[in-house]
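Okay, structure first, notes after.
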Amino acid sequence: MGTSVMNKENYSGRSWKQKELFFLVTYVLVFYVIIIRRSLQLSHDHYTKLFGLRPGWLIPHHLNDVSDAQWRNFRGNLPVLTLVFGVFTLLANLMRAFFNLKVRGMSIIWLLFSFVYLSYLHGACVIFVLSIATINFLLVKIFARKKYFPLILWSYNIFFLVCNRIYEGYSFSMFGQQWRFLDNSRGSFRWHICFNFVVLRMISFGLEYHWTNEDSHFDLEKHSQRCHICKSGNTCYQALQERSLHVDKFGYVVYLCYLVYAPLYIAGPIVSFNAFASQLDVPQNSSSVRDVILYGFRWLLCFILMELMTHLFYYNAFANSGLWKHLSAMDVFIIGYGVLNFMWLKFLLIWRFFRFWSLVNGIEAPENMPKCINNCHSLEGFWKNWHASFNKWLVRYMYIPLGGSRKKLLNVWVVFTFVAIWHDLEWKLLSWAWLTCLFFIPELVLKSSAKAFQAQSSFREFVFRELSAVAGAVTITCLMVANLVGFVIGPSGINWLLSSFLHKEGLPVLGGLLTTFYVGTKLMFHIEEVKKTSP
């Protein structure tokens, strides 16, 4: 009798979920039809008042939104970057095969190629890169066995992270007028912008060397049972990262090669020293040739999608021109939502381009955007899937050494403040960091309460699911606000953004977007359930 009742409940639950899924998908389709139609209308009506639009090539008689400087520069330099990395890749792989090169040999080859690349990018400013990096190497070798070494390492690197920004990469004339002529040979790309990534690599090298004599808590056998890559006889990135290296691998040539490795130098993704040095010896085997080719093809499809987006929707141009401040609350939401999707796709293309060339050369780096921006309903989940390699770096070298989950509420403030300073010395980035931390606190409290909650009936499970969806809707709203403040409008725009939605005309829009995010969160629950049940 009891089994029969349970079967009926399970069948009823599945039937109800199928109906719910049909409604959710229908709602989302209608939502995107409205968003796309209104976006097209806005771009058509206001394009004459926008800045940064250029003649398009993909769609006849359409302008292209290249108002974002980072995207414009990357897009404009794509042919040159592709040619350079193509030549470097061909030469490096020929030399590896012909001379049977291992760690030291490949590090010398890539160091030579990378210095040619850096000389073009930074000109005489390569001297600054080498000087700071060499002093860091000496500090590591002298103090790495001391207990206070992490303090020395972090202090040195944060000092130069800040000074590089304050002095805008320094001028040679600061060190004497006889060096002034070198200021005319500063290359085509500001060295101190790229150096932020070098700082992360210098810290990784130092701490990995510091930990060489310590016992690893990583259980390779248990990991291999869970990891499908390691099960197949290959080695995944995590296993490479956790593998202890012999101190001989921590030499100056390998260190410099790690810092300036051409495919990952400008933008990452960030790879740990252990993983990098291991793959110089034995190239990555977790991605086959077919996988890498498919990865490149998918990148090409994403690039075409971006070109379609910037030809049809001028979201970033609206934000840059400030014109959206004079539009309705609904239009402000559409443009803000569009800007965040543009940013996600922009970074996905930049990071995957460089990761592709690194994979071709046998060095696997973590995927920076493993999940779509529209499939994240928690702050923690969002930051694990946005610049994921940086997140892994922060967890390994900051969060865990600071105490990990035992001091989570305190650690998020330290970590996000560092992330803001690492990006740039701007108040809007600090505002973004601290807003994110404020939004993190209720999520952490709710997650802790949820773990203690046990759904003992179908009704309680239903209530818990509904409350989780409401929390997800609020979280997505908070994420939108924090990221728009940090990367678009700055702290001075908070009052305008809030007032757009908290007046009489804006409240129905606020209610509508919260409802939409609630529906989106429930759809994400369905996606997660399918992933759990699929093999």
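Note: Cβ is positioned from N, Cα and C throughout, glycine not excepted.
TrEMBL does not curate its annotations; it predicts them automatically.
Taken from TrEMBL, the feature transmembrane segment covers 21-40 (among others).
Tertiary proximity for the transmembrane segment (80-99) is limited to same-chain residues at least six positions away from its ends with a CB under 8 Å from its CB atoms, namely 105-106, 109-110, 113, 117, 262-263, 283, 353, 357, 360-362. Annotation source TrEMBL lists transmembrane segment at 80-99 (among others).
Here TrEMBL flags 111-139 (among others) as transmembrane segment. Long-range contacts of the transmembrane segment (111-139) within the same chain: residues 84, 88, 91-92, 152-153, 156-157, 160, 169-170, 172, 182, 185-189, 191-192, 194-195, 198, 202, 205-206, 252-253, 255-257, 259-262, 265-266, each at least 6 residues beyond the stretch ends and with a Cβ under 8 Å from a Cβ of the stretch.
For the transmembrane segment (151-167), same-chain residues at least 6 beyond its ends with a Cβ under 8 Å from one of its own Cβ atoms are 132, 135-136, 139-140, 143, 174, 192, 195-196, 199, 202-203, 206-207, 210, 418, 421-422, 424-425. Residues or ranges marked as transmembrane segment by TrEMBL: 151-167 (among others).
Taken from TrEMBL, the feature transmembrane segment applies to 188-207 (among others).
Below 8 angstroms of C-beta separation, residues 84-85, 88, 103-104, 106-108, 110-111, 113-115, 117-118, 121, 129-130, 133, 137, 189, 194, 197-198, 200-202, 204-205, 277, 280, 350-351, 354-355, 357-358, 361, 363-368, 388-390, 392-393 of the same chain, each at least six residues beyond the ends of the transmembrane segment (252-271), sit close to that stretch. Residues or ranges marked as transmembrane segment in TrEMBL: 252-271 (among others).
Per TrEMBL, transmembrane segment is recorded for 292-314 (among others). Away from its own ends, the transmembrane segment (292-314) comes close to residues 39-40, 42-43, 46-47, 50, 53, 56, 58-59, 62-67, 338, 341-342, 345-346, 348-349, 352-353, 356, 359-360 of its chain (Cβ-Cβ under 8 Å, at least six residues beyond either end).
Per TrEMBL, the feature transmembrane segment maps to 334-354 (among others).
As annotated by TrEMBL, transmembrane segment applies to 408-423 (among others).
The annotation transmembrane segment is assigned in TrEMBL to 429-446 (among others).
Among the features that TrEMBL reports, transmembrane segment is placed at 467-489 (among others).
According to TrEMBL, the feature transmembrane segment maps to 509-527 (among others).
The stretch with the most CB contacts under 8 Å to the transmembrane segment (21-40), chosen from 188-207, 334-354, 467-489, 509-527, is 509-527.
In terms of C-beta pairs under 8 Å, the stretch of 188-207, 429-446, 467-489 lying closest in packing to the transmembrane segment (509-527) is 467-489. When Cβ-Cβ distances below 8 Å are used as the criterion, the transmembrane segment (429-446) is approached by residues 378-380, 408-409, 412-413, 416-417, 419-421, 423, 471, 475, 478-479, 481-483, 485-487, 490-491, 494 of the same chain, each at least six residues removed from its ends.
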